[in-house]
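Only one structure is covered here, and it is reproduced in the block below.
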Amino acid sequence: MYDIKKWKHVFKLDPAKTISDEDLDKICMSETDAIIIGGTDNVTEDNVIQLMSRVRRYPLPLVLEISNLESTMPGFDFYFAPMVLNSRDVTYHNGILLEALKEYGHMMDFDEVIFQGYVVLNPDSKVAEKTQANTDIDTQDIEAYALMTDKVYRFPIMYIEYSGTFGDMEKVRAAKDNLEEAHIFYGGGISSISDAKAAAGVADTIVVGNLVYNDIKQALKTVKIKGKS
């Protein structure tokens, strides 16, 4: 079994977006620690299967971020189940999970299901709109969400999502300082190696997504944050 707490860098691929075989090969052979498949819009059974089958040729961990029931399927090493803590809609806190458990609970391997305390912080992002996230939160709120993740729910991961813009690293640090057991993931707006280094200086794991499609060369450079130390 893979140890998620050793991951420093992961690429997130959107099944609704197009990526060439050449670029996918570069991503999967880049020494990233894992690939996450997930997105906000138009995530379907067909496009998840297609992308999964292409990535499965490579010997690295493959994760499905659960966004809807239709596209949830066997064949992944892990399933990330985001509990959007600052959502105003219970659907994105435990509603999707409830439906998944009703449908697949009898066959789930819960060692593969990783629950995340997920906090969305970019008010202009699609994910904030879809989940009805309250993004108007301060450092004290972030600290409380960290305690909620770590001490109340005891989720193994807190995921801070700025989706589309580079975030406030002081808020990420405030969350990190209030976690004892949970591992912190950061995603959002990483568009250069300098952004990647700044995020990696605070978060345990950085997630690089849109940059794969916007500038593959810059995306590949972000793997350098792993270093050789």
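All positions are counted from 1 along the displayed chain.
Using N, Cα and C of the backbone, Cβ positions are placed for all residues, glycine too.
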Looking at sn-glycerol 1-phosphate binding as recorded in Swiss-Prot, which candidate out of Gly75, Gly105, Gly189 goes with Lys12, Tyr159, Ile160, Glu161, Tyr162, Ser163, Gly164, Gly209, Asn210?
Gly189
Cα-Cα distance linking Asp14 (Mg(2+) binding site) and Gly209 (sn-glycerol 1-phosphate binding site), given in Å to the nearest integer
8
Considering each pair of residues in Lys12, Tyr159, Ile160, Glu161, Tyr162, Ser163, Gly164, Gly189, Gly209, Asn210, all listed as binding sn-glycerol 1-phosphate, report the largest CA to CA distance in Å, no decimals.
17
If you draw a 10 Å sphere around the Cβ of Gly209 (sn-glycerol 1-phosphate binding site), how many other Cβ atoms fall inside it, taking every protein chain shown into account?
24
As a test of the contact definition, list every same-chain residue at least 6 positions from Tyr162 (sn-glycerol 1-phosphate binding site) whose Cβ is closer than 8 Å to its Cβ.
Leu121, Asn122, Ser125, Tyr186, Gly187, Gly188, Gly189
